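In TrEMBL this protein carries:
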type: TRANSMEM; residues: 37-59; note: transmembrane segment
type: TRANSMEM; residues: 71-93; note: transmembrane segment
type: TRANSMEM; residues: 99-119; note: transmembrane segment
type: TRANSMEM; residues: 131-152; note: transmembrane segment
type: TRANSMEM; residues: 164-187; note: transmembrane segment
type: TRANSMEM; residues: 199-218; note: transmembrane segment
type: TRANSMEM; residues: 230-255; note: transmembrane segment
type: TRANSMEM; residues: 267-285; note: transmembrane segment
type: TRANSMEM; residues: 291-316; note: transmembrane segment
Amino acid sequence: MNNTANLTSHQDLWRNVTVGNTTWVYRPAVNSALNDAISAVVIIIIIINMVSLGCTMEVSKIKYHIMKPKGVAIAVVSQYVIMPLTAFCLAKGFQLSDITAVSVLVCGCCPGGQFSNTLTLALKGDINLSIVMTSCSMLLAMGMMPLLLYIYCKSFPSVRNAVPYVQIILSLVLTLVPCGIGILINTYRPQYSKRVTKVGMIILLIFTVVTLTLAIIANGRYILTVLSPSLLAIAGLMPLIGYCFGYVFSAIFRLSQRERRTVSMETGCQNIVLCATILKVAFPIEVVGPLYLFPVVYFVFQFFEAAMIIMLFWCYQRFKKKEKGKSDSRFQRLHFTTGLLLHKIKKKQEFTDVWLIIISQKFNCELIKCGLTH
């Protein structure tokens, strides 16, 4: 059965495609060459992203956390249970159309991204644990993403049997190849890994701007679909729920403060590059339309909410440091006062001891004189 054909020909798919009960049918505004160019650039972006991610992975650290998998297990449960469930509930709560809901679900089922490592570093979390969690969630995505989409898409009749699972799995497998290349670079040529990561981030930024420019040219008429109130609300709520739940869930299992902040960032951050790649490459453009730009909107909220959390954390750290400084100064004053008092007592004691010695010596002298005169 050709899933793509079923997906594009299904009549119910085009009812209420946008949010807010408006009806439209997406037709590409430009020729297919531009859309093919966008797909090619998106593939280049994911390759660069995964090579950079692989360059941050160390086999020894992965083995260490696998031997003590408590933090990784909690993060995986948060990533592949809470986030997909959150995406599903929000899609149902906002009454999204089937294809729009699937776009949100794909984002919710994606593994953690490299961006979470940067946020963990800013929050003074466990960066090694963050990298291991990102690696494990990326490996598990090959099985978990298709399985979760299969489970949740049963509630959306028009796309129940039409999600291109094979294309999604192929996209995930292809992402592991550049990731493996990055791991090999970091293992056998570690002196080049940081350089590759820096250059990769610069190229990634450039290609992201190019992709957004081409997407606006290709889908300018329909770009407001992605900026509809419901999708904006979902894009704002999903990462916030992930950040909060990741912290609370790890606190229940008594992880350290550093690990809690790490799990929080890993849960709320999705690999938006991978999500955009799957929506753009695996789904036909006639079906997904401009919805492949939803991960970009998600990333904007993800970034600003994380920035607010980081600012609050820094303010808390600064306040805590000031309070510690005040308590240290009080302790120092108390210590100085106590030391001064002890010094005075010691001097008085020494003064008393001297007088006692003098008196005893005089007394002994008197006794000696008396003895001699006697």
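For all residues, glycine too, the Cβ spot is worked out from N, Cα and C.
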| request: Residue list, the transmembrane segment (164-187) vs rest of chain: Cβ under 8 Å, 6 or more residues beyond ends. | output: 3-4, 7, 46-48, 50-59, 138-139, 141-142, 145-146, 149-150, 193, 196, 274, 277-278, 281-283
| query | Per the definition of 3+ C-beta pairs under 8 A with sequence separation of 6 or more, do the transmembrane segment (131-152) and the transmembrane segment (199-218) touch? | reply | no
| remark: Beyond a gap of at least 6 residues from its ends, the CB atoms lying under 8 Å from the transmembrane segment (99-119) belong to 13, 17-19, 49, 52-53, 56, 75, 79-80, 83-84, 86-88, 90-92, 127, 130-131, 133-134, 137-138, 140-141, 144-145, 148-149, 152-153, 156, 158-159, 163, 231, 234, 238, 265-275, 278-279, 287-288, 291-292, 294-295, 298-299, 302-303, 306, 310
| query | Hey, which bits of the same chain come close to the transmembrane segment (230-255), Cβ under 8 Å, at least six residues off its ends? | reply | 19-20, 70-71, 74-75, 77-78, 82-83, 86-87, 90-91, 94, 96, 100, 104, 107-108, 261, 263-270, 294, 297-298, 300-302, 305-306, 309
